[in-house]
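Trainee: Copying in the features that Swiss-Prot gives for the protein in this structure:
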COMPBIAS  622-636  compositional bias 'Acidic residues'
INTRAMEM  7-27  intramembrane segment
INTRAMEM  52-72  intramembrane segment
INTRAMEM  402-422  intramembrane segment
REGION    621-644  region 'Disordered'
TOPO_DOM  1-6  topological domain 'Cytoplasmic'
TOPO_DOM  28-51  topological domain 'Cytoplasmic'
TOPO_DOM  73-78  topological domain 'Cytoplasmic'
TOPO_DOM  100-107  topological domain 'Extracellular'
TOPO_DOM  129-137  topological domain 'Cytoplasmic'
TOPO_DOM  159-173  topological domain 'Extracellular'
TOPO_DOM  195-201  topological domain 'Cytoplasmic'
TOPO_DOM  223-244  topological domain 'Extracellular'
TOPO_DOM  266-294  topological domain 'Cytoplasmic'
TOPO_DOM  316-333  topological domain 'Extracellular'
TOPO_DOM  355-364  topological domain 'Cytoplasmic'
TOPO_DOM  386-401  topological domain 'Extracellular'
TOPO_DOM  423-429  topological domain 'Extracellular'
TOPO_DOM  451-644  topological domain 'Cytoplasmic'
TRANSMEM  79-99  transmembrane segment
TRANSMEM  108-128  transmembrane segment
TRANSMEM  138-158  transmembrane segment
TRANSMEM  174-194  transmembrane segment
TRANSMEM  202-222  transmembrane segment
TRANSMEM  245-265  transmembrane segment
TRANSMEM  295-315  transmembrane segment
TRANSMEM  334-354  transmembrane segment
TRANSMEM  365-385  transmembrane segment
TRANSMEM  430-450  transmembrane segment
Amino acid sequence: MSLLRRPWVLVVGLLLIMSYVGAECEEEEKEYPSRYPIAYFEWENVKIPMTICLWLIGASIAKIIFNLIPHLNELFPDSALLIMIGLIIGIIFKLIGVNKNAFFLESEVFMLYLLPPLVFDAGYFMPARQFFDNFGSILCFAMIGTSFNIVAIALSLWAISLTGLFSVETPLMHMLLFGSVAADVDPVAVIVIFEELKVNEVLFIAVFGESLLNDGVAVVLYRMFLTFSEIGTENLITSDYINGGVSFLVVAFGGIGIGLLFAFLTSLVTRFARDEEVKVLNSVFILILPYTCYLCGELFGLSSIMAIVFCGAAMRQYCRENVDPDTVKATESFIKVLSLASETVIFVFLGLSTVSSNHHWDTSFIVLTVVFCLIYRTLGVVVMCYFLNKYRLNKYTKVDQFIMAYGGLRGAIAYGLVVAIPDFIPGKNMFVTSCIIVIYFTVFLQGITLKPIAEFLQVEKKNVHSKNMIEHIYSELIDTTMAGMEDIAGFKGHHWIRDSWNALNNNYLRPILVNKNNMKEMDKTKLVRKYKHLVDEDAKKIARGDLNSNMVFTKALIEHTRSRTNTMIDGVSSTSKIDFTKHMKENFGVTVYDDHSTVPMTPTHLFQETTEVEYSVRSEINDNDGFENDGYESDESGSFHERV
């Protein structure tokens, strides 16, 4: 009985029952009734969607239970826990004799259905300013660093294979194919851990961007080496190698191009879908068109990962301006739900597939693969940072370099690629086994130890300080000044690039892609718009705090406002006085009387005068953020005290 009370046992049991029912029912033959039944059990009609729903429910419940167990989430990453659950279920299935094909994750299912929500979520919510400010460094890590890792791992393993140490004889082209799998860094596993660490923005965006684009580069090279293997090494000629190199650039940057094209199309569609009857379709366009972009990338042999990443990053700005805020909020929440569900199912199936895959164990090959992955990952990061630091203002420290090298976790994408290797490759089963061990090593050992190591090395944390209005203004001023200085010096750096992009965006792209009415509202006065946004943010912060601590300041502010109001309103026409009084009342909660009189500043009147804006902000917070006065409530006198 004590065993049944353990949450992880219940999770395994739930997923086991769901999977076993799906596996057994698919083998049952259809029986014809001899009498008319009261009810039917038509499993075959709902087998596929029901199995998907059961897996999603079971895996999601597993994640909830993990978060309820004390200290479990602090010690193990979610990815490691989900893999363990899948591994346990897979072992049980094997012991009871369930057909392994019933719980094997096909590469087509992974690449076409589970992967797109993950990469779209990463691209759509990508911190665009930091990403494009560091785009040159990220591109170097992703393209040069990944290519170096692939070639170095492959050449090292191939050179050792010439000694006859490995049990399967593998040519160089097949080793390059496996190298493209082993060098692939999984953005899902990396991003989750680094978000928990709250590392500084420079380090986070370097790891985030590199892992995101690394997938696209690795997949492009994987397909190139796979095509070379299908042609046959002995049949390759010089033009094939030249075409392969050109194809690498065409596929990678073609994927970016098709992503930008679909971002343009999505923004254009949402611009015209503004009528009440059709604007509900905006959510459909925001979700379906990027997925269509991914499929078009697959259709034309381009990098579908880069396509959907850049589609999400480029369309977000325009879609948010075209679509009403409630629809945007609901759509973005649904994107997060899809991403979380895909991530959960992938890692559970990764554990299951450990048992269901065909394996070939070669200790020497596996150990050397792990060692070479660690060595060349570290070497690539150190060498790239050495050259990049010569041209960077914010340089990568030695601690940053260590965390970047140690944080190169492998995951689901590497597994999806290795199981997609054709059966005619002699070392496929050895590659699958080695890839799974590399994933386990990085997710479990490196993933578990990354947080304590980062704390021990005192990695610089992210600055959680929220900028106020004057800081935003100074930041904009510095950007504009730096762009002007670069222009005067004749140096075209990233400030000049950003300034040129803003000019192109404001003069040409936004008039085409953004609804004119929305653009007029947005462009009335940029300073006023920025000021209003920051005032709203400051008001929310004040509302979340104890109002009593702000009472003295609020009283002085109202006295100053009334004094200025009495001065400003003199000599103004009666119509203007009415408009001005209404404006002050609606926007600032300040009542201006015809005789310029003031309300006695008793605590009750002061509270009523000063909390009009705060109450509206509190209502907004309650509606949107689930905020409930931050643990405070007001009594009849109008003062706040801590809720008991």
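Residue numbers in this text run from 1 along the chain shown.
Cβ atoms are placed via backbone N, Cα and C, with glycine included.
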Trainee: Looking only at the topological domain 'Extracellular' (316-333), how are its residues distributed among DSSP helix, strand and coil?
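Mentor: Helix/strand/coil tally for the topological domain 'Extracellular' (316-333): 16 helix, 0 strand, 2 coil.
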Trainee: So what's near the topological domain 'Cytoplasmic' (355-364) in sequence-distant terms, Cβ-Cβ under 8 Å and 6+ beyond its ends?
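Mentor: Residues 87, 90-91, 93-94, 100-101, 103-104, 160, 165-168, 419, 427, 429-430, 432-434, 436.
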Trainee: What residues elsewhere in the chain lie close to the transmembrane segment (108-128), defined as a C-beta under 8 angstroms and at least 6 residues from its ends?
Mentor: 187-188, 191, 201, 205, 208, 212, 215, 290-291, 294-295, 298, 304-305, 308-313, 315-317, 332, 335-336, 338-339, 341-343, 345-346, 412-413, 415-416, 420
Trainee: When you scan the chain for residues with a C-beta under 8 Å from the transmembrane segment (245-265), skipping those not six or more beyond its ends, what do you find?
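Mentor: Residues packing against the transmembrane segment (245-265) from afar: 143, 216-217, 220-221, 223-224, 289-290, 292-293, 296-297, 300-315, 318, 513.
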Trainee: Need a quick answer: max count of Cβ pairs under 8 Å to the transmembrane segment (174-194), which of 79-99, 295-315, 334-354, 430-450 is it?
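Mentor: Per the Cβ count, the answer is 430-450.
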Trainee: Cβ under 8 Å to the topological domain 'Extracellular' (159-173), counting only same-chain residues 6 or more beyond its ends: which ones?
Mentor: 225, 228-229, 233, 360, 362, 364-365, 368, 426-427, 430
Trainee: Other than its close neighbours in sequence, what residues sit by the transmembrane segment (295-315), given a CB gap under 8 Å and a spacing of at least six beyond its ends?
Mentor: 111-112, 115-116, 119-126, 128, 131, 212-213, 215-216, 219-220, 223, 250-252, 254-256, 258-260, 262-264, 266-267, 286, 289
Trainee: Report yes or no: does the transmembrane segment (138-158) come within contact of the transmembrane segment (334-354), defined as 3 or more CB pairs under 8 Å with a sequence separation of 6 or more?
Mentor: no
Trainee: For the transmembrane segment (334-354), name the stretch out of 202-222, 365-385, 430-450 with the most CB-CB pairs under 8 Å.
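Mentor: Most Cβ pairs under 8 Å with the transmembrane segment (334-354) come from 430-450.
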